Amino acid sequence: MFKWLHPLAKPETLYRFCGHLFPWLMLSALTILLVGNVWGLVFAPQDYQQFDTVRIMYIHVPSALLSMSTYTMMAIAAFIALVWQVKVAQWSVLAIAPIGAVFTAISLLTGMAWGKPMWGTWWEWDARLTSQLILLFLYLGVIALYGAFSDRQTGGKVASLLAVIGVVNVPIIHFSVEWWHTLHQGASIMKFDTPSVHPSMLWPLLISLLGFYLLMLALVCLRLRTAILEHEQHRPWVRATLGGH
Amino acid sequence: MQFDSFSDFLAMGGYGFYIWLAYGLTYGLLVGLAGYCFWELKAFHQNFRQKLARAQRVKQYQETEHP
């Protein structure tokens, strides 16, 4: 696997690899997302307690799961950047951060739109909601720290450090519904015994989740390409690829 | 199919506002994010091309003789 992975540490190879991957990721993401969400909105049944508001689940749960796995991905890249000084890992931290921030914001906003009719409030300072808000601030902190240094390398290092330290929040979010009393319901899919969601709702949910995942990967590919070009613009290969003459 | 008519679908059993608010915000943000990512790449290309052209002009100027 490392034999296959190692060449991707070279910016030029990674740039081309992401370029090949991007159209397929984007196309499959849009198709799968459309199938999953239309299934969830039109064909999936109502919940016996939550009626039609359960349809918010098909965007809320995927975006919330994505916000955490995107953060983990960013933290792994940050760790690689700090320990092995891999340039492209450093750049991917900053390529990933805004995408993760948007997914976190989506999970918070859709949660609010679901909370108002079901819990009677848009927002409550309870464990799950607060720890998710902290995740959003961690993403924004990574972006802001990077921008706060005039030297890009120092900024990248400090931002990576925060990304690695902040990963402690991910298990806190996941277990917050067990550790504290909270309005939020417990886990339904990410647990060790079988999921407690009926197949008629589970399938559109899993398909939507896959669609969100592919969309995240597509956008990361796109931003990573831009980042590679920006950092490498004085190298001959960029001129040869883009210049044409 | 869970709905009898299109207006039934829009109403979502009385919860239409919250559901369409959630979906609207989600896709609004996602389209915005994707647009921003594409714009970044396009902006880089434009900037890069301008820089190349400028370097070319400077080179041309230096190569011609100036009495």
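Glycine too: its Cβ is placed from the backbone N, Cα and C atoms.
Going by TrEMBL, these are the annotated features:
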type	residues	note
DOMAIN	A:6-184	domain 'Cytochrome c assembly protein'
TRANSMEM	A:21-44	transmembrane segment
TRANSMEM	A:64-84	transmembrane segment
TRANSMEM	A:91-109	transmembrane segment
TRANSMEM	A:129-149	transmembrane segment
TRANSMEM	A:161-181	transmembrane segment
TRANSMEM	A:201-222	transmembrane segment
Touch test for the transmembrane segment (A:21-44) and the transmembrane segment (A:201-222), at least 3 Cβ pairs under 8 Å: yes
Sequence-remote partners of the transmembrane segment (A:161-181) [C-beta within less than 8 Å, at least six residues beyond its ends]: 68, 71-72, 74-75, 77-79, 82, 93, 97, 126-128, 131-132, 134-135, 138, 141-142, 145, 187, 190
